[in-house]
Amino acid sequence: MQYTEVMVRYGELSTKGKNRKDFIGRLAGNVTRALQDFPEIEIHPKHDRMHIVLNGAPFDKIDQRLKLVFGIQTYSPTIKVEKNLDAIKKASLELMQATFKDGMTFKVNTRRSDHEFEYDTNQLNTMIGDYLFDNMDNLKVKMKKPDLVLRIEVRQDAIYISNQLLHGAGGMPVGTAGRAVMMLSGGIDSPVASYLAMKRGVEIDMVHFFSPPYTTEKALAKAKELTGILANYSGKINFIAVPFTEIQEQIKEKLPEGYLMTIQRRFMLQLADRIRAKRGGLAIFNGESVGQVASQTLESMVAINDVTSTPVLRPVATMDKTEIIKLAEQIGTFDLSIEPFEDCCTIFAPPRPKTKPKLDEARKLENRLDAEKMIQRAIDGMKITPIYPNQKFLDDKAQEDADLL
């Protein structure tokens, strides 16, 4: 089926009042980037919807990109025809023949913004319905919740016909809620938290801590490749690799075992906050879920959050692990997240970490270390890599090795 355009309907943009124009402009830019491999298309954002003129581009390939763009509620592949009855009949029949299957029910739903058109909505519904019955077999009408709705929109410039209502990613266009940093590990939770942050319109920079030689290049490559999967939903993401070896070694050497995780997380949060400030971010996101591990009890969060006044947001805070896994599978990060490359959160994990660390004790222990100089050395050693949708960093040999573990 050769469609002429795609009609895109906005989601929460309709509630944004005076900022609506800016939100629509951002969405148009995000759609343009997502479809940059199709130079023939034209994108026309309007107040109530967006028209993507295909000019011969295949809808099935456009569909694969469009469904990942946040800010789109629904969209429909559409045929645009001249404002005459024969053209409407022909396009309606083509659409129904391409999508109708035996046993399906349907109805015709006409809307007019051009009230000067010669036929009203009831007349068009009846005439097109009769024409379809005369030219197709096994049609059944159902007025409430049919399988197919043939939508005919009579506008000033033309008539638009569609019979599919496809669901988009919802949410807000990435970039409309400002910039933040995401503390990305190689696990299941933080990629899901990243997805949810972007869905609310946040443009994120990934901050990943690595500790060579305890963590391998493969672990770093895994985190980058996870970022490449997430970039499908936002376009390019900056990946910031922060060396963490010295800090971890000093903590392990000089501090009691029970507080290793607490102090380590305090350093991570301080580093993330410094990077946020340098890059103009407004918040810090992470993948913590309340009570899931020792560092994610409320007492631990109090002892760790003490190092910053910046908002620390946790999109998966109240989700069960099974809920997080289900979403990870849906967004395409789960299989890579469970590849067994150790990250810096696991290499020095004590057997009995404090689940209720005391804030005063955490402060006192951290003061035994030369925190400021170590933080600055880590900042000086960080590396920023732009990562693009589906960019690969793990070679086939690395994947084979992981499968054997």
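These residue numbers are counts, starting from 1, taken along the chain as shown.
Glycine is treated like the rest: Cβ placed from N, Cα and C.
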Same ATP site per Swiss-Prot - residue from R155, R265, R266 joining M183, L184, H208, F209, G287, Q296:
R265
Please find, for M183, L184, H208, F209, R265, G287, Q296 as listed binding ATP, the greatest distance between any two Cα atoms, in Å.
18
Fewest-neighbour residue among binding-site residues, criterion Cβ within 10 Å, set M183, L184:
M183
